[in-house]
Amino acid sequence: VKDLIPNCEYYFRVKAVNKIGGGDYLELRNPIIAEDPKQPPDPPVDLEVHNPTSKSVTLTWKPPLFDGGSKIMGYIIEKLAKGKERWERCNDYLVPLLTYTVKGLEEGKEYQFRVRAENAAGISEPSRITPFVKAVDPIEAPKVFLAANLQSGLEVKRGDEIILEAHISGSPYPSITWLRNDEVVRPEDIKKRVTAPKKKKGESILSVRDSIRADHGTFTIKVENDHGVAKASCEVNVLDTPGPPVNFVFEDLRKNSVICKWEPPLDDGGSEILNYVLEKKDNTKAEMGWVTVSSTLRHCKFHVTKLIEGKEYLFRVFAENRVGAGPPCVSKPMTAKDPFSPPDAPNKPDVEDVTSNSMLVKWNEPKDNGSPIIGYWIEKREINSTHWARVNRNLVNALEVKVEGLLEGLTYIFRVCAENAAGPGKFSPPSDPKTAQDPIIVPGPPSCPEVKDKTKSSVALAWKPPQKDGGSPIKGYIVEMQDEGSTEWKKVNEGDKLFPTCECVIPNLKELRKYRFRVKAVNAAGESEPSPATSEIPVQDILVEPEIFLDLGAQDLLSCRAGTTIKIPAVIKGRPVPKTFWEYEGKAKTAAKVEATDTRSEIIIPECNRSHSGRYSITAKNKAGQKTVHVRVNVLDVPGPPKDLKVSDITRGSCKLSWKMPDDDGGDRIRGYVIEKRNIDGKAWTKVNPNCGSTSFVVPDLITGQEYFFRVRAENRFGVGPPAETIQRTTARDPIHPPDPPIKLRIGLVTKNTVSLTWKPPKNDGGAPVTHYNVE
């Protein structure tokens with residue numbers, strides 16, 4: 001009897017049955033509980049011994065592999081002393097966990113241990129017995145750890161108490177020594193401010209009262225027993241005000257300023273120096289107090305200004321950290337005065353490059369008198385005025401300056417003075433007078449003419465203007481030509497007319513004759529030198545072979561969807577203007593429309609279809625030659641119908657369809673095929689599959705005896721094409737074969753002219769009922 005529900009109660013009964021009927025039931029008197037049979041559990045496994053001491057040992061184990069069909073209620077632990085024969089129970093009550101600490105062992109004795117499991121059915125066999133374990137305390141090297149708040153060091157303010165706490169272990173318990181900077185800490189060494197370390201097993205606390213700056217350093221606790229030494233250290237920082245800065249000196253002393261410089265304190269007080277406070281005092285007046293120069297200095301250097309020349313000063317500087325300001329560092333007395341004098345006057349300036357509104361003034365560097373020259377001041381004066389005007393707003397560092405903004409026609413003189421750290425010196429003698437006006441000269445030559453175009457009777461030239469116009473605007477250009485075999489240059493311009501721009505067309509030239517050309521520029525000062533002459537230029541029409549440039553989107557292959565308009569634009573170049581015509585696969589395309597100009601031709605096919613796919617050619621022809629360019633057009637559409645659709649392997653529930661790929665894939669890869677069926681009485685087609693990737697498919701789920709038509713359509717990314725359909729109806733039935741021969745042919749009653757025959761039908765009817773028998 002199977003499939004019973006665990007822990008349910010069941011009654012059972014049974015009766016005998018023959019062909020006449022069933023007899024009486026035999027029933028169980030008491031119900032049966034559906035549960036596995038119970039038995040004592042298997043012994044526990046993996047018994048291990050841990051942490052033995054002189055009085056105790058800890059045991060761990062794993063539960064039995066089989067609990068006997070009943071929950072484990074607990075475990076019994078037993079021990080056997082070496083030299084004894086009887087096992088002793090260690091626990092009065094069952095142990096519910098998988099670990100137990102056996103206590104009350106005798107120091108120095110050896111013991112073995114075992115464990116039993118107990119369930120409702122009884123007690124298991126004992127586990128594997130442990131090896132002998134000796135009851136002795138373990139050997140442990142000393143260990144020491146500082147309190148968590150000391151792991152990254154300790155920082156206190158001056159006067160606060162330093163408290164260092166450490167946790168210690170080791171067997172036997174180690175001795176303890178405290179050290180500061182590798183020296184043993186004794187109360188008498190720190191003026192009895194040290195409290196002796198508290199002695200409590202497992203910890204040690206060192207206390208230093210009324211801390212001072214000298215107490216900072218590395219405090220170390222050292223613990224030691226017979227099995228080793230351990231140390232732990234803590235960096236203690238006692239915060240105090242910093243010491244005085246050192247090495248106060250003066251740099252770059254001037255009559256009204258000085259640079260004060262110093263070095264940081266030798267002791268920063270245990271905290272970063274935040275800033276310095278610099279103060280000064282008038283040392284000539286005893287009653288004058290200290291005046292703060294700056295209280296926010298981050299660096300050890302400061303430029304003090306606004307001093308009074310000739311006075312004697314004292315300076316002092318304090319360092320500040322986050323505790324406060326320390327004692328000052330006082331400087332020696334200092335008198336405000338310059339160590340040098342202003343520079344000498346430069347020599348008489350020279351004036352060059354005179355224009356209508358600017359002049360270039362130059363001079364020589366004078367003697368600097370002990371301080372480097374930092375620049376120059378330049379002044380100008382109109383010759384009829386008595387007022388000198390400064391030219392530059394800022395000091396000039398060079399030995400020349402271009403003075404701009406002058407008034408055309410006025411005459412000017414200039415003078416210069418130098419300046420160093422002591423101030424500006426004397427001015428130089430004035431320059432010679434110069435009048436503000438532009439110098440006018442003939443312009444430079446134009447560039448060599450270039451031939452831009454030519455015919456059988458004319459040449460078109462172009463050139464670039466001269467780089468210099470000579471100070472006067474270019475009025476125009478003169479073009480000259482030299483006939484083939486002649487050395488004479490003839491003017492092309494009519495009369496005194498000038499060509500106003502940098503191009504011209506020279507007419508009435510003789511065909512096939514060679515000429516050279518050159519150009520002159522003209523301004524108010526006259527004609528320039530001629531430009532470089534061209535090489536000999538034959539006068540004739542320019543023949544350029546045709547060139548055809550297809551639109552970038554139409555090069556090599558143009559793809560488009562059926563029903564859209566095909567446009568193939570082409571740009572035509574060549575001289576003379578080429579004649580163009582389009583062809584499709586070597587023949588004129590009658591359905592296409594062509595729009596053409598002298599420089600452009602475009603073929604247009606509205607509402608294209610797959611028949612418009614193929615190679616299109618455009619040909620351009622002129623006297624210089626002929627050029628043909630091809631472009632292949634691919635009109636993309638749904639694929640055509642599949643070919644040779646056949647039905648095979650017909651059964652009563654399925655049949656196999658097979659076909660060949662369409663002749664036309666629509667210009668794109670066929671993604672699959674859609675297969676549909678229709679029974680002979682219905683009008684709607686039913687899809688058989690979502691998509692078929694091969695050229696055959698087994699149609700499932702046919703109804704036995706039902707007649708069907710099938711069709712298949714190819715699909716690409718543009719859609720589903722027209723179908724290929726079966727012509728003959730297909731009946732869903734198993735294939736019919738000839739039946740097996742009849743069996744057990746027997747001869748019955750025989751007379752003089754008859755015989756009686758009997759037989760049994762064949763074992764296999766071939767898939768169809770036997771209609772009749774042939775007797776031979």
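The backbone N, Cα and C atoms fix where each Cβ goes, glycine too.
The DSSP breakdown of the domain 'Fibronectin type-III' (1-37), given as helix, strand and coil counts, is 0 helix, 12 strand, 25 coil. For 1-37 (among others), the entry in TrEMBL reads domain 'Fibronectin type-III'.
According to TrEMBL, the feature domain 'Fibronectin type-III' maps to 43-138 (among others).
Secondary structure of the domain 'Ig-like' (142-237) per DSSP, as helix, strand and coil residue counts: 10 helix, 59 strand, 27 coil. Look at TrEMBL and you will find 142-237 (among others) tagged as domain 'Ig-like'.
Confidence for the domain 'Fibronectin type-III' (244-339), expressed as mean pLDDT, is 90. The domain 'Fibronectin type-III' feature in TrEMBL is assigned to 244-339 (among others).
The annotation domain 'Fibronectin type-III' is assigned in TrEMBL to 345-438 (among others).
The domain 'Fibronectin type-III' annotation in TrEMBL covers 445-542 (among others).
Look at TrEMBL and you will find 532-634 (among others) tagged as domain 'Ig-like'. Counting residue by residue with DSSP, the domain 'Ig-like' (532-634) contains 6 helix, 60 strand, 37 coil.
Feature annotation from TrEMBL assigns domain 'Fibronectin type-III' to 641-734 (among others).
For 741-776 (among others), the entry in TrEMBL reads domain 'Fibronectin type-III'.
What TrEMBL lists as region 'Disordered' is 334-353.
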(message) If we skip the immediate neighbours and take only residues 6+ beyond the ends of the domain 'Fibronectin type-III' (1-37), which ones have a Cβ under 8 Å from one of its Cβ atoms?
(response) 69
(request) Summarise the domain 'Fibronectin type-III' (345-438) by DSSP state, stating how many residues are helix, strand and coil. (result) 0 helix, 38 strand, 56 coil
(message) For the domain 'Fibronectin type-III' (741-776), how many residues does DSSP put in helix, in strand and in coil?
(response) 0 helix, 14 strand, 22 coil
